[in-house]
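K.L.:
TrEMBL feature annotations, pasted as is:
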DOMAIN    21-166  domain 'Lactate/malate dehydrogenase N-terminal'
BINDING   Gly25, Ala26, Ala27, Gly28, Gln29, Ile30, Gly31, Asp56, Asn119, Val143, Ala144, Asn145  NAD(+) binding site
BINDING   Arg106, Arg112, Asn145, Arg176  substrate binding site
DOMAIN    170-339  domain 'Lactate/malate dehydrogenase C-terminal'
ACT_SITE  His201  active site, proton acceptor
Amino acid sequence: MGKIVRHMWSFTHVDKEPVIVLVTGAAGQIGYALVPMIARGLMLGPDQPVILHMLDIEPAAEALEGVKMELIDAAFPLLKGVVATTDVVEACMNVNIAVMVGGFPRKEGMERKDVMSKNVAIYKAQASALEQHAAADCKVLVVANPANTNALILKEFAPSIPEKNITCLTRLDHNRALGQISERLNVPVSEVKNVIVWGNHSSTQYPDANHATIITSNGDKSVRELVADDNWLKTEFQSIVQQRGAAIIKARKLSSALSAASAICDHMRDWVHGTSTGTWVSMGVCSDGSYGIEPGLIYSFPVSCQNGKWSIVQGLKIDEFSRAKMDATAKELIEEKSTAYTCLELEK
């Protein structure tokens, strides 16, 4: 009987079409940590074949070829093809998911606006290539800093990609917040849910535990009540999450590539496959005016995901402390937007 069932299954089983995933800056630290996670199914699931398109700049071409060799050597069953290129058009061809890790890093002595002008040029060019060559329903995740504003530039120059399909990464900050609460309360991180990271992926971000809960055998319990220390939640908790990247660089002498790559997979997996009922995550998305945030800004909100679409969680009570923090990070994003548009004018 078992043989018959297996034989029938072989006729009815149809392999899924591969999803084409672009990773820019793929020879860098985050890229190197990320591409094996994608190839192993951590982003899109254990039964979803993928084709990887890896893009990097000309000076990194040899290193990129080395990454391709390693992907081939790893013999990932889900990996149906690898393209390693320095040509942005080839990289963007027919991609279904674009993870924009590549960008110009801030170097010592550089003003934020100097970094902005470099990244505006990069994201303008990459947006045009995605606009012309990516799949019509391409989902875009911007990682390179300043992530929110890079996503805004990409949105401006890829008008045919729906604005709901352009997001930026704040899931790393969200996961860091989950981790800190898990450590503080000595509970498994899987039992912590519904923290929020509001605003910019910068030191002005607002990690908010007011609505977070711990899953217990007696139902969900408020994190705020269990911590029983509002001062910690308003001070140390926030500064640890905000400054975690710098702390890791100080400890490792390298940036937080592993946790960033993991957060990228989390962001995209939840977006594609959906969040659990009653659970939300933080994503940098285009504001529709919710919670009084200027429409059009790419701002981190609590979102739930279903059927490949995200929606901002509505109706959360915002206290005076939270309102001030949310407005402060929005103000920074408005200033960044103004600087970016000035850079675009200078480019003309």
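Every residue gets a Cβ built from N, Cα and C, even glycine.
Walk me through the surroundings of each of these features.
P.N.:
Across all of the domain 'Lactate/malate dehydrogenase N-terminal' (21-166), the predicted model scores a mean pLDDT of 94.
Around the Cβ of Ala27 (NAD(+) binding site), the same chain contributes Met54, Asp56, Ala60, Ala63, Leu64, Gly66, Val67, each under 8 angstroms and 6 or more positions distant in sequence.
Within 10 Å of the C-beta of Arg176 (substrate binding site) we count 22 further C-beta atoms, all protein chains included.
Within 10 Å of the C-beta of His201 (active site, proton acceptor) there are 29 other C-beta atoms, taking all protein chains into account.
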K.L.:
Which recorded positions (Gly25, Gln29, Gly31, Asn119, His201) fall within 10 Å of Asn145 (substrate binding site) by Cα distance?
P.N.:
Asn119, His201
K.L.:
Can you check which residues sit near Gln29 (NAD(+) binding site), meaning Cβ under 8 Å from its Cβ, same chain, 6 or more apart in sequence, and list them in order?
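P.N.:
Counting only residues 6 or more apart in sequence, the Cβ neighbours of Gln29 (NAD(+) binding site) under 8 Å are Leu254, Ser255, Ala257.
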K.L.:
Per 10 Å Cβ neighbour count, which of the binding-site residues Asn119, Asn145 ranks highest?
P.N.:
Asn119
K.L.:
For Arg176 (substrate binding site), which of these recorded positions sit within 10 Å, Cα to Cα: Gly25, Gly31, Ala144, His201?
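P.N.:
Those near Arg176 (substrate binding site) - Cα within 10 Å - do not exist; the answer is none.
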